[in-house]
Amino acid sequence: MKVLVTSAWPYVNSVPHLGNLIGSILSADVFARYARLKYGKENVLFVSGSDEHGTPIEIEAIKRKVNPKELTDQAHEYDKHLFLNVWKISFDNYTRTESETHKKFVREFLLKLTKYVKVSEDEIPFCEYDKLYLPDRFVKGTCPYCGFEDARGDQCDNCGKLLTPSLLVNPKCSICGKAPIFKKSKHWFFDLSEFNEKIRSWISSSNEMPDNVKSVALGWVSEGLKPRSITRDNKWGIPAPFIGAEDKSIYVWFEALLGYISAVIEYFEKKGEVEKWKEYWFSNDIKSYYFIGKDNIPFHVVILPAMLMASGEEYHLPDVIAATEYLLYEGQKFSKSRKIGVWIDEAPELMDVEYWRFVLIRLRPEEKDTNFTWRETVRIVNTELNDDIGNYVNRILSMLNRYYNGIVPEFRSDALDDNDKKTISLINEIPKIVGDLFEKGKLKAGTEEMLRFVRECNAYLNLKAPWDLYKAGKEVELNNTLYIGVNSVKTIAILLYPLMPSHAQEIYDMLNMGNIENEKWDIASKLSINYGHKIGKVKVLFKKLEPEFESKIKDKLEKIRKDIEKMRPTLLK
């Protein structure tokens, strides 16, 4: 089976914050690392890229009197460096919407939709002060559905409804704040109404789509799908391919969604295997995973599958769409202008990146909005990582050194007591329990099961008390306890790997087990470290955050923020 893992493409006009990271890219990376161990790295592909077209970039370029691509070149490379080199995101291909492969594919694909594309004149908001047609997101006003006063012209962040600028009450240009006029302009529309029942049936029949995703998407479908404009009056974008649309560009949402396909095409083009991309899009033996934020649900669960259906080709429709709710920062929404939150180029200066990876998965808002706090961060690092995982690993391996010079003792299956049998059963079962949750997009829930296993292992060790067995000369029982213990440490390393790859490798180094990336997920369920194996050097796995960490962190953040701001590319300052 081929496994395609994707994450929503970050828009390059700002550095992603922690909420953006956990909502898509980090979640996708954790799953991709799991999938490679489970299904083999040769069968898993993880792609994403920079979303770089549209009005925000165009306006910024006009202000600075530069070509938009100059700005996005810098921003793309900056984000790419952060993802790949700092946050250890294991993309197989992190590309961009300015890729020639992407632009070519998008234009060719949209021409396949002509049966469902209609041309009509539409009233488009135009700012007389800025002398600019305003795309949906550059018009703000009051949501007609929930009354939220800061709704965008494409979507209300409060109730999640998709909008058009003409629906807003008291619309304003988000650049200058003045009321726009509405001018007629010819545009090309994708008639979603043709797919209302097909999309409804597809969503309803899915056994793998999470309930929160189904609920949002079916709510939108039940209101009746309407034609959505494919084209915009922007200059900075992919030129529309339709006859008569030479002065138009393609709406960024339509082209960015197609990036999931073009990124796979580009990956295999670079490998000289130009037809192999089809194995990830046209075979029956595929499973695809999309990691997104909840505000992106309608685009991924309605517009993308409708486009794939409309193409007339047998594209594989999305399987698991794992959409997070919002991550709050100390009870507030992240805000760049008000400096509320932490951004992904700031966070590594405050704490080890892999601590961040673990903390963010532990706080992943899978079913409801979740509040990030520094207090909870300290608890997770000091209690779960250090006291639970790190302490257990150290105790088992240190005792193996102390009592057996680091050599795994002989195992006697005929001399097991009930506690031994229970712990072996846990080792046998836990990889499947965690894996099944991961495959439903429930990474936080899977991690909670891993921690439950660690706590059970700690309880087993305390109950068996190897130090007392050693003193009492109970060699067979001591042998079995540490044999089971060292194998449970291997299990913990494999379960931890998707979240903390370097620390998991450190455990494998202590076990003298080689490269964990070449391991198989299912080996975590087996007692595979055998009698006579010599472990490596034991060292401290984690370090606790200092008692004053929480009280000092905000001052530290303020100090580093100014220096980091200077290092950012022009577009991201």
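Including glycine, each Cβ sits where the backbone N, Cα and C put it.
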According to Swiss-Prot, which listed range is motif ''HIGH' region': 10-20, 43-53, 153-163?
-> 10-20
Can you check which of 333-337, 518-522, 548-552 Swiss-Prot lists as motif ''KMSKS' region'?
-> 333-337
Using DSSP three-state counts, the residues of the motif ''KMSKS' region' (333-337) come to 0 helix, 1 strand, 4 coil
Inter-residue C-alpha distance, Cys146 (Zn(2+) binding site) and Lys336 (ATP binding site) (nearest angstrom) | 25
Could you tell me which three-state DSSP class Cys143 (Zn(2+) binding site) falls into?
-> coil
Candidate nearest Lys336 (ATP binding site) in space, where candidates are the binding-site residues Cys143, Cys156, Cys159 and distance is Cα-Cα = Cys156
In three-state terms from DSSP, label Cys159 (Zn(2+) binding site) for me.
-> coil
